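TrEMBL has this to say about the protein:
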- 8-627: domain 'Major facilitator superfamily (MFS) profile' (DOMAIN)
- 42-67: transmembrane segment (TRANSMEM)
- 74-96: transmembrane segment (TRANSMEM)
- 115-134: region 'Disordered' (REGION)
- 237-257: transmembrane segment (TRANSMEM)
- 312-336: transmembrane segment (TRANSMEM)
- 356-376: transmembrane segment (TRANSMEM)
- 388-408: transmembrane segment (TRANSMEM)
- 433-488: domain 'Kazal-like' (DOMAIN)
- 509-534: transmembrane segment (TRANSMEM)
- 546-571: transmembrane segment (TRANSMEM)
- 599-623: transmembrane segment (TRANSMEM)
Amino acid sequence: CCVDVDMFLVALSFAYFAKTLSGSYMKSTITQLERRFDIPSYLIGVIDGSFEIGNLLVMAFVSYFGAKLHRPKIIAMGCVLMSIGTFIIALPHFIIGRYEFETSVRWVVNSTNNPSPCPAGSPADRTPDGKLPQVPAAGCEGESNLSMWIYVFLGNVLRGIGETPVQPLGISYIDDFATEENAALYVGCVQTISVVGPVFGYLLGSLCAKIYVDVGFVKMETISITPADSRWVGAWWLGYLIAGVITLLSAIPFWFLPRSLPISGPRAPEKCTQEQTSFIKDSPLLKHKYPADEHTSFIEMAKDFIPTVRTLLAHPVFLIYLCVTIIQLNSLIGMVTYKPKYIEQHFRQSASNANFLMGMINIPAVALGMFSGGLLMKRLKLNIMGAAKFAFGTSLIGYILSLFFFAMSCENAKVAGVTLSYDSMDEISYDKHSVFTACNSGCACSSSDWDPVCGENGITYVSPCLAGCTTSAGSGKNTVFSNCSCVGVAGNFTASTGQCPQKDDCNRIFPYFLALSVITSFIISLGGTPGYMLLIRCIKPQLKSLALGVHALATRTLAGIPAPIYFGAIIDTTCLKWGQKRCGGVGACRIYNTTAYRIAYLGLTLGLRTISFIVFIPGFILLSRQVRQEERSALHGALTNGGTELEALRKEEFVICNSDQPQQTSDNSMDRQTRL
C-alpha cells in the first residue's frame with residue numbers, strides 16, 4: 001500500500017546505473033583486453049558485440065511476454081544474470097598465467113653486467129622476412145587451443161541476456177503508472193542516470209588502468225614499462241569484480257515491488273465522471289496499458305504474438321524511425337567504443353588518462369543534455385511533431401560541429417623504420433620502410449620485437465638492438481643504453497626506455513578537441529529524450545512494450561553487434577606495427593598511422609550520420625501526414641457525434657412544440673438546454 005511509482009523509479013535508476021557502469025567499464029578496457037589476450041581490434045569488436053548477441057536471443061520474447069507477467073521480478077532475475085556474467089568476464093585472470101610483455105632485452109636487477117642489447121650476428125642469421133629463427137617459448141606446447149578471450153565473450157553474452165528486461169519492461173512500467181505530464185520527466189531521469197553510470201564506469205577504468213595487471217604477484221621494480229607504454233596492461237579484472245557486486249545489489253529492490261501500482265493523476269479512472277467515460281468510447285485512458293491483473297494463458301499470448309508483430313512492422317512511421325535510429329546508433333556505438341583508443345593513439349595519452357577524460361568531461365555533458373531534453377519537452381509541451389523537429393535539429397547542429405574534428409590533427413610519432421626512414425630522419429612518411437640498415441647490421445636483431453627506446457636525437461627506435469646500442473646500464477625503467485650507432489654518427493649517443501614524448505603542438509590542440517567534444521555531445525544528447533518519446537507516442541499504446549522491445553532488438557542486432565566489428569576491422573588497416581604473441585603469431589597493434597586512423601574513424605562516423613539524415617526526410621513527411629490524418633479523424637468523429645445529438649434534440653423540439661402539457665414542456669426545455 002505504501003509503494004508508488006517513485007519507489008520503482010529509484011530501483012530502476014539503480015539498475016540502469018549498474019548495467020551502464022559495467023557496460024562502460026567494458027569499453028574502457030578494450031585496449032587492456034587487446035594487449036592481455038594479444039588480439040586485434042576487430043576481435044575486440046566481436047567481444048563488445050557479444051552483449052548485443054545476448055539481447056538478440058531473448059529480447060522479443062521478454063518484451064512481449066514480460067509485459068503480461070510480473071515485470072519487477074523479471075527485471076530482478078535479469079540483474080542477477082548480469083552479475084554472474086560480469087564475474088565470468090573476470091575469470092580468465094585467475095586461470096591464465098602471468099602477463100609477459102614482449103621485450104628484446106631481459107634486464108637483471110642489481111646487476112652491473114647487463115646483457116648486451118646488440119647480440120653478435122649478421123643479416124644472414126635472419127629469415128627471408130627479416131625475423132630471427134624462433135625458439136618456442138617455454139610452456140607453449142601445453143597451452144590450450146581455446147583462447148582465454150572466449151570466457152570474456154561468453155560472460156558478455158550472459159550480461160546481454162540479463163540486461164534484456166530492464167529497458168523495455170522498466171520504461172513501459174513507468175509510462176503505465178506515472179501521470180502523463182510526469183512520464184517524459186521520469187524517462188528523462190532514468191536516461192540521465194543511465195548516462196551517470198558510465199561516468200563511474202570510465203573513472204573505475206581509469207583507476208584500474210593505472211594498476212599493473214599482476215599487482216601483488218610481481219615486484220613492480222622489475223617492470224620496465226609505464227602506463228603510457230603500448231604494452232602496459234592494467235588490472236582490468238578488478239573493475240569487473242566491483243561491477244558484478246553492484247549489479248547483484250541492484251536486483252534486491254525489485255523482488256519486493258508489486259506487479260501493478262495504483263494509477264494517480266489525470267490517468268486515474270476515478271478522475272473521470274461516468275458520463276465522460278461513456279461518451280469517450282475510444283479513450284486511450286482505457287487502453288493505455290495491459291491490465292496487470294489479467295491472467296491470460298501462455299498459449300493465447302503466443303497465438304497473438306505473430307499478428308501483433310506484423311501490425312507493428314506495417315506501421316510506416318515506426319519503420320522509418322527504426323531505420324534512422326539503426327544508422328545513427330551504428331555511428332554512435334562505433335564512435336563511443338573506440339573513442340578512448342582514438343585519444344590514446346592520436347593524442348598519445350595513456351589509457352588511464354583517456355578513460356578519466358571520458359568519465360569526467362564527456363559523459364557528464366551527455367547526462368546534462370539528456371536531462372535538459374526531457375525538461376525542455378515538458379516545459380515546451382512538445383507534441384509528436386515538435387519532438388521530431390527538436391531531435392532532428394539538435395542532431396544536425398551536432399553533425400555540423402563534428403566536422404571541425406577533421407582539422408584537429410596531430411603529427412605521428414617519429415619511429416625509425418616505421419614512420420621514418422633511417423636515411424631521412426626529417427620527414428614522416430608511411431611508405432614501407434626497413435628497420436634494418438647499416439648502423440645495426442652487426443647485430444642479430446629481430447624485426448618483430450617491440451621494445452621502443454628514445455634516442456637523444458628525439459627519434460624513437462623499435463628496440464635498443466635496432467638502435468645499434470651495444471651496452472646498457474641500470475635496471476627496469478631506469479635502464480640507459482649507450483654506444484647507439486643509429487642515434488648519432490659518432491656512435492656514443494645514448495637512448496632511454498620508452499617512446500619519445502610528443503611535441504607541444506599536439507598538447508595545444510588537445511584541449512580544443514576536448515572542448516568541442518563536450519559541446520557536440522551536449523547538443524546531440526539534447527534530442528535523446530524527445531526522440532525516445534517519439535518512439536513511444538507514434539504507435540498505439542497497446543503496442544508500446546512490444547515496440548520498445550522490437551526497437552531494442554533491431555538496433556542491437558543491426559548496430560550493436562556489427563558496428564564495433566567493422567569499426568575495429570577498418571582501424572586495424574591503419575596499423576603500422578603489429579606486436580607478436582609469446583607463442584608466435586600476430587598480436588595487438590603497437591602503433592597506428594594517426595592520419596589514416598583519424599580519416600577512417602571520423603569519416604565513418606560522420607558518413608553514417610549523413611545517410612541517417614537522408615532517410616529521415618521521408619519519415620518526417622509520413623509523420624506529418626499521420627498527425628494530420630489523426631486530427632481529421634478526431635474532428636470527423638466529434639462532428640459525427642455532435643450531429644447525432646443535434647438531430648435528437650431537433651426531434652425533441654418538434655415533440656415539445658406539439659405537446660399540450662406546458663409544465664412538461666418547461667421541464668423538457670430546461671433539460672434540452674442543458675444537453676445542448
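Every residue gets a Cβ built from N, Cα and C, even glycine.
TrEMBL does not curate its annotations; it predicts them automatically.
The listed stretches are 42-67, 74-96, 388-408, 509-534, 546-571; of these, 546-571 has the most Cβ pairs under 8 Å to the transmembrane segment (312-336). Looking at which of 42-67, 237-257, 356-376, 546-571 has the most CB pairs under 8 Å to the transmembrane segment (74-96), the answer is the stretch 237-257.
Below 8 angstroms of C-beta separation, residues 3, 7-8, 10-11, 14-15, 17-19, 21-22, 25, 28-29, 72-73, 75-80, 82-84, 86-87, 89-90, 92-94, 201, 204-205, 207-208, 211, 213 of the same chain, each at least six residues beyond the ends of the transmembrane segment (237-257), sit close to that stretch. Sequence-distant contacts of the transmembrane segment (599-623) (same chain, six or more residues past either end, CB-CB distance under 8 Å): 316-317, 320-321, 323-324, 327-328, 330-331, 334-335, 338, 342, 384-385, 388, 392, 395-396, 399, 402-403, 405-406, 538, 567, 570-571, 573-574. Long-range Cβ contacts of the transmembrane segment (509-534) within its own chain (Cβ-Cβ under 8 Å, at least 6 residues beyond either end) map to 184, 187-188, 191, 195, 321, 325, 347, 349, 357, 361-362, 365-374, 376-377, 382, 384, 386-388, 390-395, 397-398, 401-402, 404-405, 408-410.
Long-range neighbours of the transmembrane segment (388-408) within the same chain, counting only residues 6 or more positions beyond its ends whose Cβ lies under 8 Å from a Cβ of the stretch, are 328, 373, 376-377, 382, 509, 512-513, 516, 519-521, 523-524, 526-528, 530-531, 534, 598-599, 602, 605-606, 609-610, 612-613, 616, 620, 623. Using a Cβ-Cβ cut-off under 8 Å and counting only residues 6 or more beyond its ends in the same chain, the transmembrane segment (42-67) has close neighbours at 23, 26-27, 30, 33-34, 74, 85, 149, 152-154, 156-165, 168-169, 172, 290, 298, 301, 305, 308-309, 337, 545-546, 548-550, 552-553, 556-557, 560-569, 572.
Residues 40-46, 48-49, 51-53, 55-56, 59-60, 62-64, 67, 160, 167-168, 171-172, 308-309, 312-313, 318, 322, 325-327, 329-331, 333-334, 337-338, 341, 535-536, 539, 592, 597, 600-601, 604 of the same chain lie 6 or more positions beyond the ends of the transmembrane segment (546-571) yet place their CB under 8 Å from a CB of it.
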